[in-house]
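Remarks on the structure that follows.
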Amino acid sequence: MAEPTLSAPEPASAEPAPAEAGAWLQWRPSLITGVSTWAAAFAACVLLSAVSWLPYQDLPAKAGDPSTSVSSFFDLWHRWDTTWYLLIADVGYHADDRAAAFFPLYPMLVRGIAPLVPDNTIVAALLVSSLATIAALTVIHRLTVGALGEDDARRTVFYLMAFPTAFYLLAAYNESLFIALAAGSLYCMRRGQWWWAGLLAGFASATRLAGVLLGLAFAYEYLRQAGFSWRRIRWNVLAAVLVPGGLFAYMAYCAAELGNPTAFLKAQEAWSRAEFEWPWTTAGKIFEMLGSTNSYLHPDDIRNIANLTAAVVTLTLLVLALVGPWKLGHEYAYLVIFATMVVLLPLTHPLATYYPLSSLWRYVLECIPAFMVLGRMGRNPHLHRVYVFCALMLQGAMIISFVQNQFVA
């Protein structure tokens with residue numbers, strides 16, 4: 001403890017620093033980390049988008065003409081699900097029945113800021129994604145600092161952004177918005193700010209159906225902080241009803257405008273979403289598909305291997321978040337509950353196609369405690385170098401493939 005000084009006392013007119021200043025000082029390192037990590041990732045995406053055209057002569061037949069202006073450059077990222085989000089932002093859900101599969105909050109935000117960039121909805125969408133990415137990285141850093149400390153928190157955020165599919169956070173997809181809202185809700189749960197946690201979770205459920213899974217984390221963490229005693233439950237437990245609020249609002253819209261409150265489930269049939277299956281049944285089908293081919297170099301086989309590997313590795317990391325030398329502690333079990341359900345959802349409801357777990361390794365980005373464990377493991381310099389090299393190399397290849405209009409995840 002520092003020795004007391006003999007300096008003169010503060011004048012009576014001096015006032016204590018406002019609470020807002022203290023909050024800003026606490027969040028400032030997290031915001032700096034979030035912005036700097038986003039900036040590095042954005043610069044890498046721009047560079048790779050430009051060089052992805054260099055080695056190809058017949059690429060325009062599939063991916064369109066090369067860009068000739070800054071505005072058309074961003075059209076390189078108008079790929080796959082982006083088409084649906086921009087369609088909804090521009091004309092709503094009535095243009096195509098399949099559009100109902102895509103939840104409304106992200107395209108609503110895109111539509112809201114579109115007047116800032118007239119006649120260029122793709123730029124508006126990319127702007128929303130970038131702002132959401134900064135928010136997500138900032139909150140995840142702040143959450144991790146409280147659990148693991150500053151160094152591990154920086155690694156956690158960096159490892160997340162280095163993950164092979166992390167470029168989707170910057171693309172015109174709802175991934176970054178969902179992670180930002182989910183992370184914000186989980187952070188508020190940790191601090192016992194239940195109404196904020198419920199509200200943010202409600203917005204998450206208006207972004208993706210998986211947002212309702214935050215209700216499980218909410219229930220567990222509330223009971224844990226109450227000592228698992230029914231007598232300590234207070235009126236603020238009612239904040240849990242906000243969690244599915246976004247979903248219910250979308251169902252009301254679907255009923256009023258599309259004539260079916262579950263139109264989003266009907267629309268998912270276009271992507272051959274299967275009924276419930278046990279995870280091991282899904283894994284068995286993938287092995288059967290792999291065994292029926294003569295080569296594992298077919299793009300669909302590579303996707304199957306990558307998605308199944310991502311599921312197994314992520315679930316292993318989530319177990320290590322609870323037990324072993326890198327565990328986070330029982331007070332962070334609620335994070336593991338949510339992340340586990342995020343992985344199990346596509347495992348138990350696979351696609352009835354040749355790649356049943358399509359996009360699962362994109363959903364892995366939502367598994368915050370898995371990256372927190374990686375952040376702890378990254379204290380080992382050899383593991384750190386191996387992860388960074390492999391992850392960034394794979395992400396670079398995937399960005400180039402995405403820009404060239406190849407399906408990635």
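Numbering starts at 1 and runs along the chain as displayed.
Here the Cβ of each residue, glycine as well, is placed from N, Cα and C on the backbone.
TrEMBL lists 35-56, 122-145, 157-174, 194-223, 235-253, 305-325, 332-348, 386-403 with the feature transmembrane segment.
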So which residues does the transmembrane segment (194-223) touch in its own chain, when a touch means Cβ under 8 Å and the partner is 6 or more beyond its ends?
103-106, 174, 177-178, 181-182, 184-186, 188, 233, 236-237, 239-247, 249-250, 264, 333-335, 337-338, 341-342, 345, 363, 366
For the transmembrane segment (305-325), distant same-chain residues with Cβ under 8 A (at least six beyond the ends):
283, 286, 290, 296, 332-333, 335-336, 339-340, 343, 346-347, 355, 357-361, 364, 367, 369-370, 372-374, 409
Excluding the flanking five residues on each side, which residues at least 6 beyond the ends of the transmembrane segment (332-348) place their CB within less than 8 Å of a CB in that stretch?
147, 182, 186, 189-190, 210, 213-214, 216-218, 220-221, 224, 276-279, 282-283, 311, 314-315, 318, 321-322, 357, 359-360, 363-364, 366-370, 372
Restricting to the same chain and to residues at least six past its boundaries, which positions have a Cβ under 8 Å from a Cβ of the transmembrane segment (122-145)?
26-27, 29-31, 33-35, 37-38, 41-42, 71, 74-75, 77-78, 82, 85-86, 89, 106, 109-111, 113-114, 116, 152-154, 156-157, 160-161, 169-173, 175-177, 179-180, 183-184, 186-187, 190, 368, 371-372, 375
Mind checking which residues reach the transmembrane segment (386-403)? Cβ under 8 Å, same chain, six or more beyond either end.
44-45, 48-49, 51-52, 63, 76-77, 79-80, 158-159, 162-167, 171, 374, 378, 409
